Amino acid sequence: MTREYAPPASGTGAPLSGSVLAEAAVVFAVVLSIHAAVWDRYSWCAVALAVQAFYVQYKWDRLLQQGSAVFQFRMSANSGLLPASMVMPLLGLVMKERCQSVGNTYFERFGIVVAATGMAVALFSSVLALGITRPVPTNTCVISGLAGGVIIYIMKHSLSVGEVIEVLEVLLIFVYLNMILLYLLPRCFTPGEALLVLGGISFMLNQLIKRSLTVVESQGDPVDFFLLVVVVGMVLMGIFFSTLFVFMDSGTWASSVFFHLMTCVLGLGVVLPWLHRLIRKNPLLWLLQFLFQTETRIYLLVYWSLLATLACLVVFYQNAKRSSSESKKHQAPTIARKYFHFIVVATYIPGILFDRTLLYVAATICLAVFIFLEYVRYFRIKPLGHTLRSLLSLFLDERDSGPLILTHIYLLLGMSLPIWLVPRPCTQKGSLGGARALVPYAGVLAVGVGDTAASIFGSTMGEIHWPGTKKTFEGTVTSIFAQIISVALILIFDSGVDLNYSYAWILGSISIVSLLEAYTTQIDNLLLPLYLLILLMA
């Protein structure tokens, strides 16, 4: 964890934190790499956004230090505005470029909308920070205003009226979700994490509403609709129960029975009919037919069930060790927490190799289960609520400072996002050559292999620390080598991967993301796979 720093007050010449400057340098390296690869008016917008986010980030950091932020944010990290602000715009740019190269106009425009939406929510977060900063930071306001003016001017002349309305709809949803979720969930996010997570949820909610209103027979893939409905349904369920349990005690048997009944009502009465409208099929029958369609899928489901059982046994074993130890405050060591990284790598590799569509759906179901169990734990729903609180408290770290435990959900998201985010029509066989062939493996490489190797070797053998952090040089180097070895193994076992001599770009991408892991204080399980995905797609 990077130590906190005191950002300079407006008008002072106080030195800036070296670790934050290093993180910013890594992010700018990614931005300039994408700019060089794309080189159009949208990539210039991304550069302008990065410059203004760099300056505004220090205003957010000062607000956090002074306790002047509107909401309660996670305090064990800096604001993280710069790295978070660039994810959606860069993802949209590389998506646009990839789909343009294969002639898919629909997803090319979709990528532009993603980039524009990311820039809009990032600018809103900047305006929020500048608006509540006292005294008013004149220089930063000028820089942010110039960058925002350039972005708005270019987007105004690049987007259709319908696309502009779509961006504004997402921005409106983002504003309301910020007010609701940051109030209900204090200290769960940094400003950057809130921007990234709530921005993504807002975009998905708007896409679901848009597709529900314009649904046509046989239009769209049921798998995509399944992800949208599940994610939005679980978020809305959480908001509903959070509001409800403000007025009643959630820990009683009566409240628990009501929780389970309302979950069934919302699932059977809202989520399933919504999904039925989109896919024009019975959702439960479609899901069963999909899961057991081939013999390979049955084998994968059995294998994944065994791994899930193994993960549960690890949790029980570590808790048994805590019960037998003298100190009841015993926390699981780093290596024990990384067992789950090994398990998810063993889960995702066969899915990517043999049936990515099944992995797509299975990860969606797993995400719904994780979120539901977190609701049960958070609201102390009987009979499992208190048991889950006891079992999972062993694996808490400094990032779980709020009422929710999110690190395991972030781990699942980090592994799944490279599978979920890339439009399949733009990644048909033969269209993903070179480094792009590794895109589905971005989560496995960045989190499952790289972050795990850096954490284990850095904590056990590391001696040379990166300036301003507790991360070590040895851990970072080990992370890079482990990912290179993993790429070599992927080449051996996945015949569909052809790197076409793009080894230098792959090595550079892995090295940049490993440096980001060393310096960032944001949730690395979420941030690292997204940046590696962006670089590999470029």
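Including glycine, each Cβ sits where the backbone N, Cα and C put it.
Predicted automatically and left uncurated, TrEMBL annotations should be read as such.
What you see is a predicted model, and the numbers here were worked out from it, not measured in a lab.
Feature annotations, courtesy of TrEMBL:
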TRANSMEM  12-34  transmembrane segment
TRANSMEM  107-130  transmembrane segment
TRANSMEM  136-155  transmembrane segment
TRANSMEM  167-185  transmembrane segment
TRANSMEM  225-248  transmembrane segment
TRANSMEM  257-276  transmembrane segment
TRANSMEM  296-317  transmembrane segment
TRANSMEM  360-380  transmembrane segment
TRANSMEM  401-421  transmembrane segment
TRANSMEM  441-461  transmembrane segment
TRANSMEM  473-493  transmembrane segment
TRANSMEM  499-519  transmembrane segment
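Most Cβ pairs within less than 8 Å of the transmembrane segment (360-380), among stretches 167-185, 225-248, 499-519, belong to 225-248. The list of residues near the transmembrane segment (225-248) in space but at least 6 beyond its ends in sequence, with Cβ under 8 angstroms from a Cβ of it, reads 180-181, 184, 201, 204-205, 207-208, 211, 255, 259, 262-263, 266-267, 270-271, 274-275, 278-279, 283, 287, 360-361, 364-365, 367-368, 371-372, 375, 379, 420. Simply put, out of 136-155, 257-276, 401-421, 441-461, 136-155 has the most Cβ pairs sitting under 8 Å from the transmembrane segment (107-130). Comparing 136-155, 257-276, 296-317, 473-493 for CB pairs under 8 angstroms to the transmembrane segment (499-519), the maximum falls on 473-493. Tertiary neighbourhood of the transmembrane segment (167-185): same-chain residues 70-73, 113, 116-117, 120-121, 124, 155, 159, 194, 198-199, 201-203, 205-206, 209, 239, 242, 402-404, selected by CB-CB distance under 8 Å and a gap of 6+ residues from either end. Only residues 6 or more beyond the boundaries of the transmembrane segment (473-493), in the same chain, are considered here, and those with a CB under 8 A from a CB of the stretch are 353, 438, 441, 444-446, 449-455, 457-459, 461-466, 499, 506-507, 510-511, 514-515, 517-518. A Cβ distance under 8 Å defines the sequence-distant neighbours of the transmembrane segment (136-155), meaning residues of its chain 6+ beyond its ends; these are 10, 41-42, 44-45, 48-49, 51-52, 55-56, 58-59, 116, 119, 123, 126-127, 130, 164, 167. Long-range Cβ contacts of the transmembrane segment (257-276) within its own chain (Cβ-Cβ under 8 Å, at least 6 residues beyond either end) map to 212, 225-226, 229-230, 233, 237, 240-241, 250, 282-284, 372, 379, 381.
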